[in-house]
Amino acid sequence: MGLGSLASRVVRPSSRLLSSQNPRNLVHVRPIVSTTELHNADAASAAQAQVDPAPPPPPRTPVGGARVHFSSPEDAIEVFVDGYPVKIPKGMTVLQACEIAGVDIPRFCYHSRLSIAGNCRMCLVEVEKSPKPVASCAMPALPGMKIKTDTPLAKKAREGVMEFLLMNHPLDCPICDQGGECDLQDQSMAFGSDRGRFTDVKRSVVDKNLGPLVKTVMTRCIQCTRCVRFATEVAGVQDLGMLGRGSGEEIGTYVEKLMTSELSGNVIDICPVGALTSKPFAFKARNWELKSTESIDVTDAVGSNIRIDSRGPEVMRIVPRLNEDINEEWISDKTRFCYDGLKRQRLNDPMIRGADGRFKAVSWRDALAVVAEAAHQVKPEEIVGIAGKLSDAESMIALKDLLNRLGSNNVWCEGNGPQPNADLRSGYIMNSGIAGLEKADVFLLIGTQPRVEAAMVNARIRKTVRATHAKVGYVGPPTDFNYDHQHLGTGPQALVDIAEGRHPFCSILKNAKNPAIIVGAGLFERKDKDAIFSVVENIAEQNNVVRPDWNGYNVLLLNASQAAALDLGLVPESINSVESAKFLYLMGADDVDFEKVRKDAFVVYQGHHGDKGVYRANVILPAAAFSEKEGTYENTEGCTQQTLPAVPTVGDAREDWKIIRALSEVAGLRLPYDSLGAIRSRIKTVAPNLLQVDEREAATFSASIKPESTEKMEMVDFGSTIENFYMTDAITRASKIMAQCSSLLAKK
């Protein structure tokens, strides 16, 4: 209670007394109270503080789980955000300091993975002793800086910026695909004014044609330049740029052309407004109607983390999830847009080919009885099983167990070749890890084209080359890279020259601190692969590629199932098993050379799409796709991850391992597992690393303990493993969007 109010209470009775004694004498008494404390307010507040110290501010949670790492204590500086002290490393911006202090600053142009532009001015804050508001994304934090984010000046500045941004922005929200997940909507609600003063005609901009994937409505563009910086810095294509100035400023391609990058779809995610949206997803759904399921991509061996958005039985779109170790927050266009293949050319019912060559739909009981009878009518050594590119670990161990019970050990996985080396794990995984590639200062790429084989690994290499000016040497057919590289040769002769120290690139490898060798899995299909790998291992040994503190010997796999298949020991007994097979079990395998299959062979095709394998099949067993089942996959760096069912299965389809389990019972060779838990216990006895989900198991032994190869090397040039980036498996070949990409973008 204030001193003035206390004094008035004391004086009031006397005033009442005066008025009662002399009612006509209207005397107004105005109490004036003065104390020594009020004469010296500063001293009084200091004395009060000594008596009652202010409690320390409560600890705050950093925005988005932001973390700081100090390489040394001298690097730390202290700044004050809204009076809250926070320690940050030198060189951090004011915006990053605010995030660590738990204050979310609005922004449009700033993105943590792109260079700083500082052109949207939405992130203005007040800094003590600064005459004007400061753009926090571009201002380095200085020791002792006092930052205020919630003052009237900062609020007024943001309102003014938002008013200018909305000045030319169309009122498209009801028909805009970004509605509901739009940064401009959210920030105009949180930081904008309740009215605008602009009454003139809004400007309009002509839409650009960027291809079949990205839809443009450039009138909505706020010139944040995120897409320009992404294309230039991450995707490595100089397709987009800023044209004109003032109100005539717009983003475009200068000369009209399509956006030709394999990462072009990521501009949809980073665009803060509805200027760049997904063309296949246009006008299909609102984000609040969709059910989200966290899953894994299986179109290549990287295992990018994705979120599948579905509505009812249909997958509506696929967007990336953040995983710093694998795909950061990007995904390739094939991953993002292949989803429409999940509803086309699907196998619904079990089918048997009749005497007239036509397929007839039958019950599961009849189909499995026919398969079991055919399997018992051939010799065990004539039974062969092939797992496809998209097979999960559970189905592969079930297939191996079933064939073993039938007396055959001829089971392998597509892409691993007829004689894979599964003895040493270091010989078929990426030992440095995908994130570990950023530590390398020299890359030697052998028979691999990472831009089409693993777009996210290529993005890491490009990021490293831009950041540290790492050198890249490439041995293989001429191809298109989006970073500087030296083409050292086209075949094994270049490797021999490097191994014998005759090549100019040898000195670069010798002087490297952390050299990385990346070998393409396309070499698995060569007959002289042992000789080639022996030469590569020699190069690794000579140049200190494998050390206790660094393992730069990497193999870049092509398919999602390859690493798990080799871990589980899917290795065939004989090289010519397909030619001699009378009973061929294809579990989603479509890239088998059917010319080699005998005319009288009984072929079972178990899969989810009517692809190449169906045309030769005698019996078709419909299976579930990756979006419809829980399955374990291991990526090229040896990290185990799991898919989760996002939508129900199609028709009468079943999960792969369940089909094999049912078949084993019909054949009288019952497998001992009835649930996912039981089959994973079986996996644990063979490859326990496949149960450590989201963990990367490093290889124990290096290739140095391998015996020398006596095989003769053929001097045949390395070939391209992937001819068409957009069509590599059953799902992408069934996709209409991928077909459009192939016809439009592959022409370049």
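Residue numbers in this text run from 1 along the chain shown.
Note: Cβ is positioned from N, Cα and C throughout, glycine not excepted.
Where the annotation comes from TrEMBL, it is an automatic prediction and has not been curated.
Record note: among 43-67, 168-192, 193-217, 343-367, 43-67 is the stretch given as region 'Disordered' by TrEMBL.
If you take every residue in the domain '4Fe-4S His(Cys)3-ligated-type' (153-192) and average the pLDDT, you get 94. Secondary structure of the domain '4Fe-4S His(Cys)3-ligated-type' (153-192) per DSSP (helix as H, G, I; strand as E, B; remaining residues coil): 27 helix, 0 strand, 13 coil.
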